[in-house]
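Undergrad: Annotation source TrEMBL lists domain 'Major facilitator superfamily (MFS) profile' at 17-401. Residues annotated as transmembrane segment in TrEMBL: 20-43, 55-74, 86-104, 110-132, 144-165, 171-192, 221-242, 254-275, 287-306, 312-336, 348-370, 376-395.
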Amino acid sequence: MIPAQDAVSSRVQTRTGLSLLILGIVLIAANLRAPLTAVGPIIGEIRGETGISNTWAGMMTTLPLLAFALLSPLSPRIARRLGMEHTLFAGLIVLLAGILLRSVSSVTALFAGTALIGVAIAVSNVLVPALIKREFPNNVGTMTGIYSVSMNLCAAIASGVSIPISQGLGLGWRGALGSWALLAIVSLAAWLPMLRSRQRPQAVQTSADAKKSDSLWRSPLAWQITLFMGLQSLFFYVNISWFPAILQDRGMSAVSAGWMISIMQFASLPATFFMPILAGRRSDQRGLAVGVASLFLVGYLGLLVTDTAWLVPLWVVLVGVGAGSGFGLAVMFFALRTKSVRQSAEMSGMAQSFGYLLAAVGPTLFGFIHDATGGWTLPLILLLIAAVGLLLAGLKAGKYGYVAASDSKEAAAAEGNR
């Protein structure tokens with residue numbers, strides 16, 4: 001059993017402590033996607049100067065995703081040893097080191113820095129939601145919305161300002177990527193007051209808990225949730241990696257293509273916030289899953305079959321809304337399809353680990369296919385096929401029930417009593 005937690009920690013009982021904690025969470029969230037989304041609009045500039053292929057350019061997005069997949073299950077163990085606040089602070093230091101290393105001249109440093117960025121973000125991806133649950137047990141939904149919007153808003157800004165910083169200010173791609181070190185430094189300073197508090201010790205997992213954990217890995221529903229999480233993540237990272245190149249190949253300027261990615265990110269913000277609210281108000285989310293998949297299908301199909309310039313923003317907005325709502329629904333499945341906090345955390349770790357491993361294939365695979373075919377038709381067709389897969393996974397994950405096989409009878413009984 002996990003020990004009972006106070007309703008609110010002693011630190012957040014004061015208005016100043018509460019404000020500092022919220023500010024710290026917002027700033028950490030702002031760092032979790034911006035260093036990645038800043039790459040897409042200037043990927044052509046990076047390729048041109050370094051001479052790397054599209055396949056290797058795709059690795060700039062794939063490496064962080066591999067880090068997400070490998071470290072997601074380990075992050076809670078690190079936090080139990082160091083304390084959650086200290087682990088998040090260490091993650092920001094690693095993030096700053098990765099941003100600076102990525103901005104130097106060597107191609108080796110470019111990829112080494114990218115890997116460090118992935119390590120840092122992987123830790124915070126897992127721990128910040130847990131921190132919110134611990135410190136704001138009565139306002140988890142609101143704080144999760146603030147966290148998600150902060151993350152995606154800064155990601156949108158990063159996509160839009162990369163070209164202006166690189167070309168408008170004359171700082172080049174290194175300056176555009178290195179500029180995000182300033183945000184990491186500010187975040188480190190804001191998080192310093194949090195180091196006076198340490199995470200409460202966790203109870204030792206019992207054999208019964210371990211048995212329940214094993215059942216999760218044998219649950220078909222858990223794997224459907226993992227597939228849904230992985231496919232929506234795949235769409236996001238393929239979009240930020242290759243949409244600028246796709247749009248530029250269609251005749252759009254680099255600046256305009258960068259802002260299209262920002263529009264996509266901004267379009268996702270309301271959906272990111274409101275989808276968890278909608279999902280939480282119903283026991284069956286299959287209709288919502290159909291809506292998410294339909295947005296991706298229509299958006300990708302529009303990009304595939306039409307070259308009309310004035311329609312491009314429409315397709316981009318549809319994909320953006322699909323991305324925001326897909327992320328919100330995937331995260332809600334962790335809570336809606338589990339019966340305890342421990343099981344919810346395990347579901348999150350499983351889905352993020354294997355889900356991001358699936359997503360990691362996307363950017364590199366799509367870069368390879370483009371190199372092999374010289375166009376974007378086949379990659380877009382594959383996105384459509386993946387959207388059908390998202391639909392099928394969502395229909396299974398959205399059906400009322402629980403992930404553990406042992407819970408199936410109870411879930412059926414609960415369904416009959418509703």
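Any Cβ shown, glycine's included, is placed from N, Cα and C.
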Undergrad: Could you check if the transmembrane segment (55-74) is in contact with the transmembrane segment (110-132), meaning 3+ Cβ pairs under 8 Å among residue pairs at least 6 apart in sequence?
TA: yes
Undergrad: Can you see whether the transmembrane segment (348-370) and the transmembrane segment (86-104) are touching - at least 3 CB pairs under 8 angstroms, only pairs 6 or more apart in sequence?
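TA: Taking Cβ pairs at least 6 residues apart, the transmembrane segment (86-104) and the transmembrane segment (348-370) are not in contact, as fewer than 3 fall under 8 Å.
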Undergrad: Would you say the transmembrane segment (376-395) and the transmembrane segment (221-242) are in contact under the rule of three or more C-beta pairs closer than 8 Å, pairs 6 or more apart in sequence?
TA: yes
Undergrad: Please work out which recorded stretch in 20-43, 110-132, 171-192, 376-395 has the most C-beta pairs separated by under 8 angstroms from the transmembrane segment (86-104)?
TA: 110-132
Undergrad: Over the span of the domain 'Major facilitator superfamily (MFS) profile' (17-401), how high is the average pLDDT in this prediction?
TA: 86
Undergrad: Report the listed stretch (20-43, 110-132, 254-275, 376-395) having the maximum count of Cβ pairs within less than 8 Å of the transmembrane segment (171-192).
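TA: Checked against 20-43, 110-132, 254-275, 376-395; highest Cβ contact count belongs to 20-43.
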Undergrad: Below 8 angstroms Cβ to Cβ, which residues of this chain, lying six or more residues outside the transmembrane segment (110-132), approach it?
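TA: That would be 25, 28-29, 31-33, 35-36, 46, 50, 59-60, 63-68, 70-72, 75-76, 78-79, 84, 87-88, 90-92, 94-95, 97-104, 140, 143-144, 147, 331, 345, 348-349, 352.
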